[in-house]
Amino acid sequence: RWFTHFYVISVLWNGFLLIWLFQAEFLGVSLPSWIQHMHHALGRDSQSEDTDCEHFSALLVLLLLWLHSCRRLAECLWTSIFSNGVIHIVQYCFGLAYYMAVGSTVLCQVPANVRNGKELSMKICWYHIVGVMMYIWASLHQHRCLVILANLRKSKSGKVISLSHSVPSGDWFERVSCPHYFAELLIYVSMAVTLGFHNVTWWCVVMYVLFNQALAAVLCHEFYQKNFSSYPKHRKAFIPFV
């Protein structure tokens, strides 16, 4: 349940970055000096050949990341039924740092001076549409899977009757043990698509999410197999058919 803290931080921090980027792109407001120093330290301000598509892509991805954090926070507060499991202090601290770093990563995809007084052209490219559609599709399935998990611990009236684990079924659970982890990967892939496929930095983020979610899914899959003798043998751990 302390994952809730991650999303509180993400909503506040990435919302703050989103406001600053929006003001810089549309209102000509300069980014704070500390953000410009961060750009300079990463060498980002030396890259001046940015197109309007790239600027709009970064703004759109930061918005999608913020919306994702808002939804996950709402699900932690009002949908999920958590057990009494604990989180390691290292994982907790790393999680807090991650959700601050990932928004900053998006912000660093635009130069420190952002527009140089020019107005942003709202040029929507085909990969923006594909990325957003994929994002919505994966988000809907992730929410459905989390609702299924929560309902396993509720009665028909909606009252929590157990905190124990049960075998879920329905939606993507028919193919994999942890479809909510698979959906998380797809959400980050959709952001890579929205950035135009070629952003190497974000693909590194996607690879981190892949290995992180795959490890958690394999451990969860092994738990199901160990504790439920009748667990469906055709289900994979993380990615369907793999």
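Placement of Cβ uses the backbone N, Cα and C atoms for every residue, glycine included.
Curation does not apply to TrEMBL; its annotations are automatic.
Features of the protein shown, as given by TrEMBL:
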- 126-242: domain '3-oxo-5-alpha-steroid 4-dehydrogenase C-terminal' (DOMAIN)
- 6-35: transmembrane segment (TRANSMEM)
- 86-108: transmembrane segment (TRANSMEM)
- 120-138: transmembrane segment (TRANSMEM)
- 200-224: transmembrane segment (TRANSMEM)
Exercise for the section: Averaged across the domain '3-oxo-5-alpha-steroid 4-dehydrogenase C-terminal' (126-242), what pLDDT does the model get? Just tell me the whole number, please. Expected result: 96
Exercise for the section: Report the DSSP secondary-structure composition of the domain '3-oxo-5-alpha-steroid 4-dehydrogenase C-terminal' (126-242) as helix, strand and coil residue counts. Expected result: 74 helix, 4 strand, 39 coil
